[in-house]
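What follows is a short report on a single structure.
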Amino acid sequence: MAASSGGKKLLPEPSKGTSAASAHSSILRKSSSEKPVTEATGSGSKSSRNEDLHSVLVTSVLNLERLDLDLYSNEHSNRCTFTGTHHWVPRSRMLFGGQIVGQALVAAAMSVSENIYAHSLHCYFVRAGDPKVPVLYQVDRIRDGKSFSVRSVKAIQHGNPILICQSSFQRKMESPIHHQFTMPVVPSPNELLTQEELIQKYLRDPALTEKYKVGLTKLLAEEVPIEIKPINPPEYYRRVALESKQHFWVRARGYIGEGNMKLHCCVAAYISDYSFLRTALLPHFQYKVKFMASLDHSMWFHAPFRSDEWMLYECESPWAGSCRGLVQGRLWKQDGVLAVSCAQEGVFYVKPSAAESKL
Ligand SMILES: CC(C)(COP(=O)(O)OP(=O)(O)OC[C@H]1O[C@@H](n2cnc3c(N)ncnc32)[C@H](O)[C@@H]1OP(=O)(O)O)[C@@H](O)C(=O)NCCC(=O)NCCSC(=O)CCCC(=O)O
């Protein structure tokens with residue numbers, strides 16, 4: 001399974017009714033010495049990615065350590081030490097919501113059998129995560145039915161829950177009832193600049209003020225394990241209200257490969273929270289945000305996908321008010337298949353605008 005602790009190879013607990021053998025093919029690794037299951041079962045289209053550059057999301061961030069039956073920690077596998085930090089923490093200095101959701105789904109996935117797959121999850125972020133200490137993940141096996149299994153996971157720090165996450169898994173089932181919306185028409189990834197290339201371009205702007213130069217340089221230095229290609233990105237000095245919609249191509253940084261869909265769902269959970277909530281702020285450029293945080297996060301997994309291949313993230317915010325904003329998102333594969341739907345509500349506390357503060 002995942003990173004070993006003190007040399008002991010930690011394997012996921014066989015879920016009830018799962019043979020010991022199949023329980024060993026965890027969603028990440030069979031053992032720290034064997035190839036990750038994502039390569040062991042590699043079939044179909046090999047990514048054109050550099051296969052030596054494994055995604056840190058798989059080798060580290062989502063590679064939990066099993067402490068006991070249905071109890072996991074990210075202490076050793078997430079480069080997290082009692083004095084150190086998690087792999088990447090937003091400037092808000094709260095643990096990134098996508099990390100906690102992705103790790104909670106890993107813990108839940110370890111407790112179900114191999115032949116069922118995550119189809120939905122619903123979470124509440126109940127306390128800010130502390131980037132200076134590890135996170136414990138406690139799995140409660142709510143029910144195992146013939147076709148569906150439901151798990152509840154509590155992410156715990158300092159003895160208190162920071163996240164509660166319910167997830168449901170379904171065995172593969174066919175049905176004649178199938179439809180989906182049509183994917184938006186946008187430029188393809190190879191026609192666009194990455195977020196880093198855009199920042200480099202802005203930093204070459206002779207009119208760039210020191211304030212923006214510092215902010216953009218800090219952004220460039222962040223080790224976000226996600227690659228992004230914004231579509232029609234607003235200028236960094238934007239001072240106009242935009243529609244509460246944004247599209248960007250997104251993928252995990254590094255190679256993951258074919259393999260267990262559970263793993264790609266956990267990576268997509270991480271990816272889905274990045275730059276998502278900000279969609280609700282696009283029309284409100286005149287306000288300075290004093291505090292913002294995700295309150296909840298829901299996902300529905302519709303079709304197989306590769307989280308290390310470009311997917312279009314179509315984000316929109318239909319509503320904001322009462323210090324809250326709702327954002328909805330759809331992750332599209334390049335072939336037009338709708339792979340994942342997401343929804344999230346967040347809390348915003350803002351400073352009154354210059355005009356209002358004169359009233
Ligand atoms: C959402 C809250 C804060 C709600 O808890 P609460 O106790 O009811 O909170 P609270 O007392 O209302 O305030 C908490 C904090 O919100 C701030 N605040 C509160 N009211 C105002 C105000 N009027 N103006 C300015 N700031 C205000 C203050 O800092 C409050 O903290 P304090 O009371 O000073 O300790 C809590 O449940 C919580 O922290 N949940 C966890 C949220 C979280 O960690 N989400 C995931 C990480 S955020 C993320 O990943 C998305 C990134 C967004 C992005 O950058 O894209």
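Placed from the backbone N, Cα and C atoms, the Cβ positions cover glycine too.
Because TrEMBL annotations are produced automatically, they should be read as predictions rather than curated entries.
Listed features, source TrEMBL:
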- 1-50: region 'Disordered' (REGION)
- 16-30: compositional bias 'Polar residues' (COMPBIAS)
- 87-169: domain 'Acyl-CoA thioesterase-like N-terminal HotDog' (DOMAIN)
- 243-347: domain 'Acyl-CoA thioesterase 2 C-terminal' (DOMAIN)
DSSP-assigned states of the domain 'Acyl-CoA thioesterase-like N-terminal HotDog' (87-169) in counts, ordered helix, strand, coil: 13 helix, 39 strand, 31 coil
Tally of DSSP helical, extended and coil residues in the domain 'Acyl-CoA thioesterase 2 C-terminal' (243-347): 17 helix, 53 strand, 35 coil
